[in-house]
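Peer 1: Have a look at the structure that comes next, please.
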Number of protein chains: 6
Amino acid sequence: MPKQFFCAREELETSRVALLGIPFDATSSFRPGSRFAPDHIRLYSEGIESYSPYQHKDLAECAFTDAGNIDLTISNFSVLREAVHTQVIHDLSSEKKVLALGGEHLISLPVAAAYAESYPDLKLIHLDAHADLREDYLGEKYSHATVIRRISEIIGTENIYQFGIRSGTREEFAFGDQATHFYPFSLNPAIIQTVVEQLQGSPVYLTLDLDVLDPAYFPGTGTPEPGGVSFQELLQALLLFEQLKLVGADIVELCPAYDRSDVSTITAIKLVRELLLMLDE
Amino acid sequence: MPKQFFCAREELETSRVALLGIPFDATSSFRPGSRFAPDHIRLYSEGIESYSPYQHKDLAECAFTDAGNIDLTISNFSVLREAVHTQVIHDLSSEKKVLALGGEHLISLPVAAAYAESYPDLKLIHLDAHADLREDYLGEKYSHATVIRRISEIIGTENIYQFGIRSGTREEFAFGDQATHFYPFSLNPAIIQTVVEQLQGSPVYLTLDLDVLDPAYFPGTGTPEPGGVSFQELLQALLLFEQLKLVGADIVELCPAYDRSDVSTITAIKLVRELLLMLDE
Amino acid sequence: MPKQFFCAREELETSRVALLGIPFDATSSFRPGSRFAPDHIRLYSEGIESYSPYQHKDLAECAFTDAGNIDLTISNFSVLREAVHTQVIHDLSSEKKVLALGGEHLISLPVAAAYAESYPDLKLIHLDAHADLREDYLGEKYSHATVIRRISEIIGTENIYQFGIRSGTREEFAFGDQATHFYPFSLNPAIIQTVVEQLQGSPVYLTLDLDVLDPAYFPGTGTPEPGGVSFQELLQALLLFEQLKLVGADIVELCPAYDRSDVSTITAIKLVRELLLMLDE
Amino acid sequence: MPKQFFCAREELETSRVALLGIPFDATSSFRPGSRFAPDHIRLYSEGIESYSPYQHKDLAECAFTDAGNIDLTISNFSVLREAVHTQVIHDLSSEKKVLALGGEHLISLPVAAAYAESYPDLKLIHLDAHADLREDYLGEKYSHATVIRRISEIIGTENIYQFGIRSGTREEFAFGDQATHFYPFSLNPAIIQTVVEQLQGSPVYLTLDLDVLDPAYFPGTGTPEPGGVSFQELLQALLLFEQLKLVGADIVELCPAYDRSDVSTITAIKLVRELLLMLDE
Amino acid sequence: MPKQFFCAREELETSRVALLGIPFDATSSFRPGSRFAPDHIRLYSEGIESYSPYQHKDLAECAFTDAGNIDLTISNFSVLREAVHTQVIHDLSSEKKVLALGGEHLISLPVAAAYAESYPDLKLIHLDAHADLREDYLGEKYSHATVIRRISEIIGTENIYQFGIRSGTREEFAFGDQATHFYPFSLNPAIIQTVVEQLQGSPVYLTLDLDVLDPAYFPGTGTPEPGGVSFQELLQALLLFEQLKLVGADIVELCPAYDRSDVSTITAIKLVRELLLMLDE
Amino acid sequence: MPKQFFCAREELETSRVALLGIPFDATSSFRPGSRFAPDHIRLYSEGIESYSPYQHKDLAECAFTDAGNIDLTISNFSVLREAVHTQVIHDLSSEKKVLALGGEHLISLPVAAAYAESYPDLKLIHLDAHADLREDYLGEKYSHATVIRRISEIIGTENIYQFGIRSGTREEFAFGDQATHFYPFSLNPAIIQTVVEQLQGSPVYLTLDLDVLDPAYFPGTGTPEPGGVSFQELLQALLLFEQLKLVGADIVELCPAYDRSDVSTITAIKLVRELLLMLDE
């Protein structure tokens with residue numbers, strides 16, 4: 001049994017949030033290794049305080065369980081897809097929200113697909129350095145570089161809100177401009193507040209690619225992109241999302257092998273804490 | 001005899017500031033090693049310029065000596081306490097201000113206690129990521145996590161000004177809100193200027209826990225806390241303190257083992273330079 | 001033959017920009033190793049996208065070649081000087097602009113000297129943490145710490161515009177204040193815009209010492225100086241220079257041995273992409 | 001609940017060996033951090049094969065459980081001592097052998113002390129770079145540098161067999177020569193075989209300080225001592241101990257913070273596998 | 001065009017050996033990243049001397065070319081297989097021997113398969129820490145952990161000679177004992193000399209998994225296995241193979257991301273030099 | 001004043017050995033940084049025991065002083081040469097033996113040259129991975145790669161004994177074979193004992209390039225060469241030299257920037273301890 005995230009509860013019945021590790025990184029193109037992230041995050045989770053001074057809540061009072069990791073082989077996305085779908089559908093049917101821990105960004109596809117079955121009017125908020133809107137990547141349809149395009153085919157491009165994008169092909173930027181709600185380069189609080197107001201009442205799934213952070217703040221990732229936001233800016237954006245009906249989320253692309261000072265792991269842990277507290281409403 | 005900080009003078013009599021290393025880290029909870037900081041700081045001190053373009057002063061003209069390190073065993077706080085107290089009382093009686101180099105934050109307790117004997121109306125300015133206001137920590141009364149609480153018992157909570165705090169228990173945040181002058185999360189220049197005006201004429205001791213800096217700017221510390229200030233923001237705050245009657249200071253929690261690119265050490269050295277120049281008035 | 005920067009063209013005749021590596025670091029005082037930078041930059045250049053969302057241009061459509069590295073011994077500046085001069089004069093006579101990759105900052109001297117022969121009214125824009133205005137350094141006339149002083153003797157101090165300087169001797173700051181256009185500490189967009197307007201029509205050579213970036217954003221350099229600008233601030237400044245008649249440029253002082261997470265190399269690569277696109281007009 | 005060592009069984013009753021983490025490093029003098037070792041070892045334990053080609057046994061068939069970590073504060077040895085003693089006495093009374101995972105070497109004292117109560121004729125085999133025979137260390141009676149001296153006061157110096165020692169004071173080497181069975185510098189198979197024959201029938205506790213390995217083979221430790229043995233030489237020695245009546249063991253002084261390539265952690269895991277298989281007879 | 005290995009010739013016609021990079025690591029289970037190895041090896045290749053004092057030959061006089069890298073996507077083995085097969089068949093038809101640079105060990109399968117077409121009586125010498133004899137691995141038939149089993153299905157188990165194996169399942173060790181020529185744990189010169197004599201006259205393909213080296217000597221690999229051979233022992237074995245009719249070879253499993261001091265890369269480069277000189281007969 | 005090597009005496013008159021730092025690395029070709037070695041060695045010197053169990057002597061009883069570092073600019077060998085010559089002649093005239101700490105290997109030239117003036121029949125023992133016998137290197141006469149050739153021009157090739165060489169050009173190996181006493185590849189105790197007997201009565205200067213050690217044992221050096229000796233083998237050789245009339249020595253080529261786990265620094269410190277004890281006769 002894996003070491004659990006600190007403060008996780010043993011009682012499954014009364015929990016409203018399930019933390020789920022998805023240790024998959026088979027399509028990573030630049031620097032793989034994110035499949036080790038869920039266990040690293042758990043191992044060091046006691047390194048932070050359980051109390052969030054931002055939300056005035058304490059993880060020790062949060063009704064969440066740690067569901068462990070999806071058991072999977074490393075290179076077969078169709079196996080992964082099936083296993084994740086089954087698990088998420090099961091959690092949703094027990095009225096548990098899921099916070100998925102990648103792994104690479106492709107893991108968001110099966111999670112979001114399962115959510116779309118339960119919430120036909122699902123909206124997706126996407127924080128990332130990369131557009132992930134390619135039709136295919138190196139001939140592959142299912143890749144970390146195509147994941148938002150694939151999700152858009154399920155829930156519709158008009159339900160996708162992208163923030164912080166600063167890298168992609170000319171085609172991806174054009175597609176984003178035309179098809180999705182596309183707010184590149186920064187996490188502008190005024191724009192986010194406007195979007196939050198538009199999304200009132202809708203079920204929202206949040207996918208957070210940690211490389212939206214500048215590599216100064218988050219070096220431990222597979223495809224670092226200079227020019228990103230600070231931790232403060234990301235945190236400010238997340239806290240604005242508290243006003244939403246957040247039904248699920250994921251945090252992806254921590255790559256422990258490149259986290260030379262453990263700071264990226266600690267950063268991911270703090271964001272897990274904040275999202276667990278936001279999901280437990 | 002230890003290598004001295006660059007530009008330190010040999011003549012003790014004419015010096016007005018003494019740099020004092022306190023290589024103690026026995027209560028560090030997350031990642032120890034800060035006891036190596038004073039010697040690392042000295043070894044690389046020639047890596048920066050002696051001239052401060054911020055203060056238009058040169059360390060080569062600054063009347064300071066390097067008093068070396070307190071000689072101590074690693075795990076006994078009562079021995080440390082006695083040795084530091086003796087040394088600081090001696091320095092103050094020779095009209096020298098002390099700039100102490102930790103080691104962990106607990107070293108501030110004996111330094112500040114000695115200062116409180118000489119300055120009954122002492123004010124403490126505390127820059128840190130952590131509140132350090134616990135009643136006890138893992139059953140220990142004397143710890144890096146309780147140090148400001150212990151100092152507050154000597155000089156009174158009303159004489160304590162805390163800035164930049166972004167981590168602690170619910171109880172610590174409540175205690176700070178009620179008892180100390182508590183300005184968490186950032187180093188707001190307007191608030192600092194107001195405090196500076198309130199403190200005109202009072203003797204002020206400054207304790208600078210380097211983890212007030214965001215880990216992007218200062219990864220080499222034992223308990224990195226994402227969400228901190230930049231070096232520019234910290235420097236701007238320190239320069240505002242120039243208007244105060246600064247009688248002593250310390251810089252704590254550099255942990256060289258986690259300083260993979262030497263940048264944290266260089267950062268600490270620059271701050272030592274700026275504080276030496278501020279203390280030599 | 002060295003691996004080329006990604007998207008470089010084979011056809012020399014139709015190219016308008018030549019990327020030239022100058023792997024020289026013999027005068028580095030603090031931490032050498034920048035001579036490995038050009039090949040590191042090339043090796044990882046595929047790690048970024050060819051499309052710049054900032055300039056809406058794609059490197060795949062940019063008319064540049066990779067001219068490889070100057071072949072040189074490591075410790076003899078006069079040999080380097082001659083070889084670089086010959087190469088740059090040749091490139092300029094074939095109507096190619098040069099983007100030089102250091103190596104240490106001293107490499108800018110022979111490049112700028114060759115440009116000054118072709119452009120008698122050359123202006124120099126200098127982005128750096130250090131003034132590099134010393135008369136000599138440790139007895140040496142030719143050093144990374146004297147390079148701008150030497151260039152000023154060729155083109156005149158009145159044609160030099162310095163930004164971001166935050167480290168130097170008292171004499172260097174005084175010299176900058178009096179003799180050059182000296183805008184220390186930050187990259188203020190309003191000031192830059194004013195300078196850009198003054199320089200309309202003049203041929204401009206840009207020398208970019210990567211340590212103008214804060215070490216949080218760029219740890220992989222020989223003389224890290226806390227207190228610098230973010231990547232976003234640097235990028236914003238560079239994009240303002242698009243309005244200029246940019247005739248040549250260099251990027252210096254990446255030191256791969258200190259780039260523990262490869263982020264500094266990726267940062268340098270992105271800046272090479274942006275400058276190549278700016279030079280290809 | 002901590003992640004378990006791979007292949008650990010859930011059924012406590014039928015297990016004959018218990019793996020027990022003791023995350024204590026409060027007396028480490030040079031470089032602390034070994035308290036993170038037990039959880040690191042568990043996290044990466046799947047990185048090796050369960051089958052030992054040296055013993056022709058498989059961990060999947062080994063009757064061991066993972067008892068997790070002793071719960072303790074970091075700086076109080078008397079608390080640790082009590083907790084470890086209670087746990088080990090309990091395990092021995094349930095006819096389970098203990099394999100303790102440090103932490104620093106001082107953890108061997110309470111484990112061996114509990115064993116000595118159950119086995120009055122206990123012999124200790126000590127593999128280490130350091131003699132650990134000091135009367136006191138920096139004024140402390142209980143330290144990683146005094147641990148074997150303390151154990152000798154319980155079981156008698158004549159029952160202590162030391163191998164591989166290559167560092168200590170003149171007094172420690174003299175004490176070893178006179179009082180214990182002292183075979184410094186190497187792990188000579190012929191000498192070990194002779195000792196093994198002497199010890200036939202006696203209950204033997206093995207304490208393995210991983211720094212007996214040369215730092216080439218094991219850099220991830222707090223006090224690296226060049227001149228040690230290779231992994232092959234250590235393994236060969238351990239396999240000779242298979243002929244003994246091994247009743248308990250510990251493995252100490254892995255310090256993950258200095259294990260830059262994870263090789264030391266993997267090395268420790270392999271040795272845990274071999275010792276578990278040897279203890280399960 | 002990629003940077004070439006140092007001393008590579010431009011003239012294809014007169015060359016007798018072709019160095020071929022195969023940057024594939026899609027099935028790596030523990031720590032991926034070996035696909036960066038071929039370019040890293042080339043980048044640092046000037047870091048060693050061209051002269052081998054072991055063979056008294058100089059790479060500057062060796063008739064080899066650098067054929068660059070196979071162009072491939074990262075996750076599709078069937079594409080890789082086809083591309084490698086085509087390239088190797090082409091090289092063999094032009095009477096060039098191939099020295100392939102992985103990438104992970106699975107790349108040996110298509111190279112050896114192409115060789116088997118040209119040399120029906122091919123013998124395989126396999127140096128490795130791992131048996132790589134599994135029937136399948138995590139459900140995959142084609143994996144770094146099955147590669148020698150797959151090759152054995154092409155050329156017959158009786159033509160496979162395995163040395164240095166120290167890790168595997170019970171089944172793999174049993175299969176090796178029964179079916180292949182299996183000499184585990186070390187590289188015994190006497191045994192190797194006997195095998196060399198048996199293989200006189202036969203065409204031999206050598207596959208060298210660098211993890212046969214102990215991680216002390218070669219930390220930069222994906223699955224480090226303590227207990228391996230030294231560089232001296234490996235070199236001594238390779239020099240014995242000079243007596244064979246060596247028709248092709250590969251060197252696999254350098255993982256630059258784990259090569260913290262560049263020593264593993266330099267080690268791989270030296271072995272490439274030695275094998276190039278051995279192949280050019 | 002620099003921090004001294006631990007146990008150094010203050011009284012100059014009664015000392016018989018002087019430790020002298022020469023922080024010069026201007027001709028390093030592959031990876032510079034050895035000029036930081038003397039201060040690193042001093043900083044961590046307390047990390048080892050003062051007692052040598054190999055020589056049964058204690059550094060606390062050794063009559064040596066720490067003469068600090070030669071003050072020099074980094075790039076001018078003629079200045080270095082003059083300064084080192086003056087210092088060493090002075091030490092020899094006060095009947096002190098010198099143990100010089102590099103810096104790169106070129107520093108041995110001025111030290112050995114000064115010794116040759118005092119000892120016309122000086123013999124040189126050279127332990128190294130590299131022959132250092134080039135006539136010139138990249139056009140430079142004075143280089144780390146030519147240093148033994150230059151010394152041979154002063155004392156005669158017949159007085160030079162080289163051990164452990166495993167890298168060089170064909171010309172260097174030929175020159176060594178013909179002109180010097182050349183025992184490449186290993187440190188064979190039988191050969192060394194024979195040489196020791198030949199050298200009885202002659203004054204011997206020992207130059208120890210730390211890269212004679214295999215990079216497994218000593219990664220922290222500028223030009224790592226796989227295939228070297230272990231620390232044990234080096235130590236055994238050094239202890240054989242105890243029978244000689246050792247009049248001076250140097251230890252060169254520690255490069256702290258590549259010493260990721262501090263093991264190379266500790267290794268150098270141990271060798272300094274052993275050589276200080278050997279020189280104090």
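Positions of Cβ are set from backbone N, Cα and C atoms, glycine also.
Below are the features listed in TrEMBL for this protein:
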- E:HIS105, E:ASP128, E:HIS130, E:ASP132, E:ASP209, E:ASP211: Mn(2+) binding site (BINDING)
Peer 1: Determine which residues of the same chain, besides E:HIS105, E:ASP128, E:HIS130, E:ASP132, E:ASP209, E:ASP211, have their CB within 8 A of the center of the CB atoms at the recorded Mn(2+) site, and list them by sequence.
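Peer 2: Result: E:HIS126, E:ALA129, E:HIS144, E:VAL147, E:VAL212, E:THR223, E:VAL252, E:GLU253.
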Peer 1: By the count of other Cβ atoms within 10 Å, pick out the sparsest of the binding-site residues E:HIS105, E:HIS130.
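Peer 2: Comparing Cβ neighbours within 10 Å for the binding-site residues E:HIS105, E:HIS130, E:HIS130 has the fewest.
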Peer 1: When DSSP states are folded down to helix, strand and coil, where does E:ASP128 (Mn(2+) binding site) land?
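Peer 2: Coil, per DSSP.
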Peer 1: Long-range neighbours only, meaning 6 or more apart in sequence with Cβ under 8 Å: which ones does E:ASP132 (Mn(2+) binding site) have?
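Peer 2: In sequence order, E:HIS105, E:HIS126, E:HIS144, E:ALA145, E:THR146, E:VAL147, E:ILE148, E:ARG149, E:GLY168, E:GLU172, E:ASP209 meet the Cβ cut-off.
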Peer 1: Quick one: what's DSSP say for E:HIS105 (Mn(2+) binding site), helix, strand or coil?
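Peer 2: SS state of E:HIS105 (Mn(2+) binding site) = helix.
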Peer 1: I'd like the Cβ neighbour count for E:ASP211 (Mn(2+) binding site), meaning other Cβ atoms within 10 Å of its Cβ, all protein chains included.
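Peer 2: Looking across every protein chain shown, the total is 27.
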Peer 1: Secondary structure at E:ASP209 (Mn(2+) binding site) (DSSP, helix/strand/coil)?
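Peer 2: Assignment for E:ASP209 (Mn(2+) binding site) reads strand.
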Peer 1: Which residues in the same chain, at least 6 apart in sequence, have a Cβ under 8 Å from the Cβ of E:ASP128 (Mn(2+) binding site)?
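Peer 2: In sequence order, E:HIS105, E:ILE148, E:GLN162, E:PHE163, E:GLY164, E:ILE165, E:THR207, E:ASP209, E:ASP211, E:VAL212 meet the Cβ cut-off.
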Peer 1: Just counting, how many other CB atoms are there within 10 A of the CB of E:ASP209 (Mn(2+) binding site)?
Peer 2: 27
